[in-house]
């Protein structure tokens, strides 16, 4: 057999690889060996979509190109031999022009931080290509929405993304699309359509498969095993020979799409990889009157297509296909195989939906055992010892046809169920189920339905694998359905389903599914829907053929021409670059040849002495250069990894680790893969003798008086006399208690930094940080050098939400330490697991309260006790009491007192996360209000309304920051939204709907918010260059919030005050550049939703200075020259006169405007259920005023 080199194309460019580690992923290669950086590493599990690419395969027989999206983080490089890869840059870029997808993503404001945008664009392109190939009328709205179901975004809230996708749909109502920069309110549909960037499938969906790959022989195109350790059999016989010839000590891995590594990480290194995706017997799909056979190597997507094809058995098959569309996401289904899913379920207890479906369909499997092929029922297969530990191979699945079982007096039903965090897929289920039932009508004298046969399958509930509830099946078979029979069946099921996690919840789901399936048959026993009638099993399930819209859009934005271009709906700066993938993040900076990479070794003990750090079997892993600990910090430096107003944090644990997840050491290796692998192989020896028990709960902290001190300026004063208020109360709720949990940031870009050693004991650090100034200071302190020897640069951050503020500092500092010590460039890119363990996240807390109130719902007093879990270091935790009390005081509590303790525990330090304290404060307030309304049996909206502040009570609770009377607009917003949303009418409709529906319910809620804004000093610098272009620097960091865009607009407005010709069109001549801590000092934090506002004021002041400096030149030119003075003429003359055209300032807010209140009211309406656990029939609407 002829052996070949590994050869493929990326964006039309040829790549030929002589040898490679077979475990190398396509993502690793693209990011390390090509100039294409749009492919990002987000989760490394195929769940976020940041790594998506388009894979094209050429069929020489049909001369057709097959293309689909795949996860490059899971796809092994050797598996793309002979294929063509297209990234987002390949669709379009700055040089050859952006693709309409890029332009529409930018124009619909669908790219914020931009880290996820290239993957989104690939998903949409793939959906458009699929719709075009299917010869349909084009992409539908439903398909457009589902196209990005496998992509995560933490910035936009998805609506603008979905709007951008829906703009390509043939059936879209263009007036339903949300706010964008293409058209203005009131324009006609024709104008709107013409305003969109044009899209033509024939022009924009042409995938050119490289000619050099077409010439590559497809048949028996095997890679040289000695160079690649990769084998490709082309028949079952070849596969058998490979398995038999393998040495007993060799480890083999059978590969199709390799998607299993997204769930089960490969901890061992395999000696040989066997690609079974080219074996015809395992790729076959055979369909006849007996049923359907699907080869084990057939992808889930192709299996879905086969099941959806019209046939006599289409009822059950289509139901199965509809459920399978919830498995993973498009790209996972495009790569993952049916057989791989079943084998993971059988051997590794994977929570599989497919096994549950196949059990209910009474499927069988065929296996290769030696040279023999054996057939097993699926239950037998699942009960076998793990086949991954043997040389048996799953060959195909057989699903029988059940249509012949139904007759004139019998009907069959098949339904599947799934409860998961996300209803449209891309999430593993809590519980799934699939039920088959053959039932018969009874004689008129015996009303009811008899169960002739049933198959009841359950899975994902925490057992070993999916099961058939045979005891329940036997009990129901032959019985006439009734409520009492169903009740007994439910009791039996409760004894069978034994979840290992969340047992009561998962049991209730399983019971609910069973009840939901049989309940309609009891209710409608006089009439059973026939399969051929076109009616559906009337249990609230959505007909698969019916498509529901997931998101609807409506947004109103007030625009004014007074301060143009400020406030205009312009495209966000760099949005198209982000969509194409050309925007540069820290990890996209080209790596120098001698660059090293770091990975943290962290503690697994909450409180222990560190005796020794070594590696498994005392063998230093491949590629490791050094292991740095606190002992490697320069003598003149300090063991500091972060700092805030409330104190420093350690870079590394010293002799004692104080929480699980604390950094112990940094492994430095030649590649990130080697560094991560070495960190996983690290062995840390601990000693817990003579140490106290760790403090792991807030209750433990109280017992041992373990608290952080809170300065009085961050601890609000109580309001009023609580004892008096309690005496005035007619009703009380005493010692009510609830808890709030933590939350992880999941910024799409993990923590990352790049450090470059420089001359004269200097270091330059590129950091993905919200606080470069603090990173700068911490690095200098840690290294024991002056701050002018450190330079920190931040261009953009791939999502932050507070997690890139304090938590970015130790990553950059460790990187700088390694670069400083080893005198080599060092990069750290945290893997998602390490990031999540070390991140800390939102503050969990325990709340206990007493509240007094009158019978009409008016509050008289509130007493609060809060225990906040802050972790082992202060971080920003001492500010939490102030932040919590801001939104909590949005209601007039009559009197308010509180005891807030910031607890020090042996857990990772909590930090600022997206409205830290404010989210909890608002939730606490609403929970108490809901409890009061429930105890009085009053409408909660009435309780909220009666407790809204008057201006006098507002002054009482918020004091000087409450502003003037005419600034208190909350009551006005409350009433205005009631009218504009028809709230009372909607509330009555909700009440009536709930009275008339057993399973489907609706809810409506109106909630106020008071946000306490606090501004901070912020620097800015504006410089006008000799050609009239403008460069701007600000302290704020672009995280996706549009800070650069707003600053650009403000500079254009500020310089327009020169009133020269052309100054009104300066937007495209202004560039905001990256943050550089030596170029612009005192940058502070980017946080609190005010940095854009403060940065705009800083540059406005700079512009005012420049306009004043240009005024004499302008006046002189107007006197000497008749006619207008252009912007370019003015700047050239100013340069000739040596006018200083660079201005910088530090905006310091005045005391009177440093703090103020923002008001808002929101209404949400929800409709859900079609049965107890049906998540398909639901709608969600929000209206808000701010």
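Backbone N, Cα and C atoms are what each Cβ position is placed from, and that goes for glycine too.
The feature [2Fe-2S] cluster 1 binding site is assigned by TrEMBL to 43, 48, 51, 73. Long-range C-beta contacts of residue 51 ([2Fe-2S] cluster 1 binding site), restricted to its own chain and to partners at least six residues apart, with a cutoff below 8 Å, comprise 27, 39, 40, 41, 42, 71, 72, 73, 119.
All chains included, 26 other C-beta atoms sit within 10 angstroms of the C-beta of residue 113 ([2Fe-2S] cluster 2 binding site). TrEMBL lists 113, 116, 153, 155 with the feature [2Fe-2S] cluster 2 binding site.
Taking the Cβ of residue 339 (FAD binding site) as reference, residues of its chain lying under 8 Å away and at least six apart in sequence are, in sequence order, 256, 282, 295, 296, 297, 298, 394, 395, 396, 397. Feature annotation from TrEMBL assigns FAD binding site to 337, 338, 339, 340, 341, 353, 394, 418.
Marked as Mo-molybdopterin binding site by TrEMBL: 770, 801, 914, 1088.
Long-range neighbours of residue 882 (substrate binding site) (same chain, six or more residues apart, CB within less than 8 Å of its CB): 714, 715, 716, 917. The substrate binding site annotation in TrEMBL covers 882.
If you look up TrEMBL, you'll see 4-91 marked as domain '2Fe-2S ferredoxin-type'.
Residues or ranges marked as domain 'FAD-binding PCMH-type' in TrEMBL: 223-404.
Other Cβ atoms within 10 Å of the Cβ of residue 914 (Mo-molybdopterin binding site), summed over all protein chains shown, number 16. The binding-site residues listed here (113, 155, 337, 338, 353, 418) include 155 as those with a Cα within 10 A of the Cα of residue 801 (Mo-molybdopterin binding site). Comparing CA positions across the binding-site residues 43, 113, 116, 153, 770, the one lying closest to residue 340 (FAD binding site) turns out to be 43. In sequence order, 800, 802, 803, 805, 912, 913, 915, 916, 1039, 1086, 1087, 1089 are the residues of the same chain, not among 770, 801, 914, 1088, whose CB sits within 8 A of the CB centroid for the Mo-molybdopterin site. Geometry remark: residue 155 ([2Fe-2S] cluster 2 binding site) versus residue 914 (Mo-molybdopterin binding site), CA distance 11 Å. Secondary structure of the domain '2Fe-2S ferredoxin-type' (4-91) per DSSP, as helix, strand and coil residue counts: 16 helix, 32 strand, 40 coil. For residue 770 (Mo-molybdopterin binding site), the nearest of the binding-site residues by C-alpha distance turns out to be 153; the candidates were 48, 153, 341, 353, 418.
Restricting the average to the domain '2Fe-2S ferredoxin-type' (4-91) gives a pLDDT of 94. Cβ neighbours of residue 153 ([2Fe-2S] cluster 2 binding site) (same chain, under 8 Å, six or more residues apart in sequence): 112, 116, 120, 161, 748.
Residue 48 ([2Fe-2S] cluster 1 binding site) and residue 353 (FAD binding site) are 20 Å apart (CA-CA, integer value).
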